[in-house]
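Novice: Right, I'll just put the structure down here and ask away after.
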Amino acid sequence: MKSWMAILLVMALIIFTLDNCYSTDDKPIGKCGDRQRNKLCLVCQDRSQIDYYYTECCIYDQTYYMCLDMLRH
């Protein structure tokens, strides 16, 4: 009986570990953990119609400042 419980415990641990490793949680890219920056980068991506603009805006400050300039004009 104890061996079955040990096997089940090990299987549960393996499944839990794999679930955390292959989780599909949408984590913010780069500096887009900040809500304001995230919203601005999304707006700039929509306006620019460039697929990778959001990622660039979240990672690079220069692209973020270009985004701010785009929204000012």
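For all residues, glycine too, the Cβ spot is worked out from N, Cα and C.
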Novice: Going by Swiss-Prot, which one of Cys58, Cys67 is joined to Cys32 by a disulfide bond?
Specialist: Cys58
Novice: How far is it from Cys58 (disulfide bond) to Cys41 (disulfide bond), counting Cα to Cα, in Å?
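Specialist: So the alpha carbons of Cys58 (disulfide bond) and Cys41 (disulfide bond) sit roughly 7 Å from each other.
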